[in-house]
Amino acid sequence: MADTTPNHLSALPDTPFPPTEKKLGLYPVVDTLSWIERLLNAGVTTIQLRIKDQPDIEVEDIIQQAIELGKRFNARLFINDYWRLAVKHQAYGVHLGQEDLLTADLRAIHQAGLRLGVSTHDDQELALAVAVRPSYIALGHIFPTQTKDMPSAPQGLVELKRHVATIPDYPTVAIGGISIDRVPEVLACGVDSIAVVSAITKAQDWRQATAELLRLIEHEER
Ligand SMILES: Cc1ncc(COP(=O)(O)OP(=O)(O)O)c(N)n1
Ligand SMILES: Cc1ncsc1CCOP(=O)(O)O
Ligand SMILES: [Mg+2]
């Protein structure tokens, strides 16, 4: 990959972020404590709390409780965006997008021993993510999604496969528009893990959907 180490990420840690599992498995992304509790009880071991655009003071309690819950279940709980609170309450990890990378104190996150996941949408963002040496790299959005407004087009399966092949040493996570039916073709691209929102939270029967996703992603031979 071409060396496109960005000059706006000057305060990078000297060593990589702490490792996480190569295969994180099913990775639900949810916005409430009750979803986290339900899904941990249903056997999910990697999960993200994604609350958008609230002042820190409004979300500190829920983030702290989510981190405690994650620890009680020995799960890998990533906090989206709120890296200061994740550091303060010693989360397992933090998830940051490209814009978040411009403002977050990556050294502080690293110094506190938190894992880091980074979003990417294209080759340039992938190069920037690799420069950060995070714990995992997310690739998306793969298909159209109703959950988040996306300025770019979905990358699709061909790009997903190509991107995954360029970063064989990183745990990879596919996200965006991944329904249960699409899981096999996404896994066939070589990606290690799959993150979903609506496949679980909008399912008619979330328990059944979660069980099926766990079976397809974590239990099926690949
Ligand atoms: C696993 C995973 N992948 C991508 C994202 C998106 O992060 P970001 O681009 O910062 O957008 P927001 O989620 O903050 O709106 C994610 N959260 N998780
Ligand atoms: C948070 C996020 N980042 C990229 S796509 C997405 C939303 C994925 O939600 P869904 O699985 O419902 O398409
Ligand atoms: Mg973000």
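Glycine too: its Cβ is placed from the backbone N, Cα and C atoms.
Heads up, TrEMBL stuff is auto-annotated, nobody curated it.
Within SER119, SER135, the residue that TrEMBL lists together with GLN48, LEU49, ARG50, ILE51, LYS52, ASN80, LYS148 for binding 4-amino-2-methyl-5-(diphosphooxymethyl)pyrimidine is SER119. Each residue contributes its Cα atom, and for LYS148 (4-amino-2-methyl-5-(diphosphooxymethyl)pyrimidine binding site) and ASP100 (Mg(2+) binding site) those atoms are 16 Å apart.
Residue pairs drawn from GLN48, LEU49, ARG50, ILE51, LYS52, ASN80, SER119, LYS148, the listed 4-amino-2-methyl-5-(diphosphooxymethyl)pyrimidine binders, are separated by up to 16 Å at the Cα level. A Cβ distance below 6 Å to any atom of ligand 1 is met, among the binding-site residues LEU49, ARG50, ILE51, by ARG50.
Listed binding-site residues: ARG50, LYS52, ASP81, ASP100. Those with a CB atom under 6 Å from ligand 3: ASP81, ASP100.
Checked against ligand 2, the binding-site residues GLN48, LEU49, ASN80, ASP81, ASP100, LYS148 give LYS148 in sequence order as having a Cβ less than 6 Å away from one of its atoms. Of all the binding-site residues given, namely LEU49, ILE51, the one with the smallest number of surrounding CB atoms inside 10 A is ILE51.
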